[in-house]
Amino acid sequence: QCKEKNRRNSVKPIKVETAEHTTKDLIERGAKAEETTNMQQENGKIILTDGIVQDYINLEKAIYRLERKNVLKKYEAKTLFADEIKKTLDQLEATYKELKKQTEKEKADVDNIEQPSVRSFLKQQGTWDDRFNKEQQDYLEALNKQEVAEKEMKGAKRQYERAARIADIYKQQCDNLKELYDKQDQMLTTIFGSDYASEKENRLEAALDDATEWQQRVSLAKFKWTNGRVLLVHACTQMAFGINRWTELEHIDPTNTRMRYFAAAEARNNFIAATQNVQSCRVYLGKVQFPYCTEKEMSLMNETLNSAFNDIQTNSTLKKALDVYKATHKKLASLLQWFDKVINDTIIKDLDKANNEIAKKQKQLREERLSLMKKKIKSELGRELKITYDEGDDDDDFENEILALEAEKVDDQDELPGNNLSEILNLSQPDGRQPSPVPVSKLAPIPDKDTLFGDVKQKLDEYDNTRKALEKRNNLQREKQQIELQEKLRIRAQNGRRTRAQRRQSIMPMDDATMPITEA
């Protein structure tokens, strides 16, 4: 009777605050909603009051503001930008490690030749001055390369840290948006009960769950492939420096067995580390078949290395082994190019589609829930729910921080890429220069999506088939039952669908563990 009386009364809109608020204000207001709802429950359901409605409005406005600012899309773009800088930084770090090892080796040679016994012997031979000057010159050249690489690396690191900070700010806003969605979901659960308020809400939430699960699988693939790429960068660099050291063997007197052995051992350590990093990458990515640097090809290199190491006095043996190392190095460079193609042309594009689908479903679900709330409020309170959204373009605190970071002028010239950057990066490349990329048409095919993302596609197909079967069954029931009763039974009968709590629990955070890099 009370409801009928309300309906007969003139409909009055609920009074809603119209003052503009920042995203932070709205999020703080939204955060209070859960506390308020927990204080006003009866028989597991919320007692709908003007205060509860205001809590919902605060959540709705905060969600709308972050959606309008497109934080998910901006986070994706800024992450890709930071990733590109990270590629250069990874290469510089790998090169710097090898140059530092080389400098330490040259310094040890200088220290060794300055020992009194060695100095006395060389002076007796009349070769002290030439040998000392050569060792000193080699050390200074190695030290100079190390310092140049270190300068470039520090500059790239500062650039990456700034780009990563901007991406992280957007990630925080994405996390805030997800938290608001969760709070809204919890509030609706207490308002409408454990059952869904409409078939459309059920269907949209199911679609959002599927899209989120798919997006997480694609994100995991991107995470693993980019980490695997780092292993290959280090392997490629280790091969380059190993080849340089092996090349020097021919210039060492064959009768000087000791010097040849130590030089060969240094090169071998680099080759072994490179092989282990390639194998770690292979194991890390599971069932992905590498089109270059196959297990057979890497095994051939190891066999060649072991054979040549036992015959380092013969120049012809060294030359044959060197040809194998160089061929392997070129295949590693092609493998890196193939990795970039997989990441850029497939994984990142699929991730972009997945993020767009999530944003689309989130908006549709929010609009459906808003429609349900309007009906609920009109039914129980006899009022219209009207929300005045803040359409202003005022910047929030996080946007001001981003603007400050992006507008930050580079006062330190060390942060700018130097003229030697290309030269330093090319130290890890075959023949010491950037190789001509393999034409896209000649690159190995990209793995299929089942290989890249696992069996999620099959899982989503199963969900889709389940939904279609349930819809078909419900259509038959609709012909036999009254619409109101059928609606309730159909929603409860969908055993193939999980509850809200089960769906939330199924969305697990991704492990941030990274793969260890094998050092030579």
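Each residue, glycine too, has its Cβ placed from N, Cα and C.
Residues annotated as coiled coil in TrEMBL: 82-109 (among others). Counting only same-chain residues 6+ beyond the ends of the coiled coil (82-109), those with a CB under 8 A from a CB of the stretch are 135, 138-139, 142-143, 145-146, 149-150, 152-153, 156-157, 159-160, 163-164, 166-167, 226, 229-230, 233-234, 236-238, 240-241, 266, 270, 424-425, 427-428, 519-520.
What TrEMBL lists as coiled coil is 139-217 (among others).
Residues or ranges marked as coiled coil in TrEMBL: 344-371 (among others). Sequence-distant neighbours of the coiled coil (344-371) (same chain, 6+ residues past either end, Cβ-Cβ under 8 Å): 60, 63-64, 67, 72-73, 76, 80, 181, 184, 188, 197-198, 200-201, 204-205, 207-208, 211-212, 214-215, 218-219, 221-222, 225, 387, 446, 449, 452-453.
Sequence annotations record features per position, and here TrEMBL assigns region 'Disordered' to 413-446.
Break the compositional bias 'Polar residues' (419-431) down by DSSP state and the numbers are 8 helix, 0 strand, 5 coil. The compositional bias 'Polar residues' annotation in TrEMBL covers 419-431.
Residues annotated as coiled coil in TrEMBL: 453-489 (among others).
Within its own chain, the compositional bias 'Polar residues' (419-431) is flanked in space by residues 88, 91-92, 94-95, 98-99, 145, 148-149, 152, 233, 236-237, 240-241, 326, 329-330, 333, which lie at least six positions past its ends and keep a Cβ under 8 Å from the stretch.
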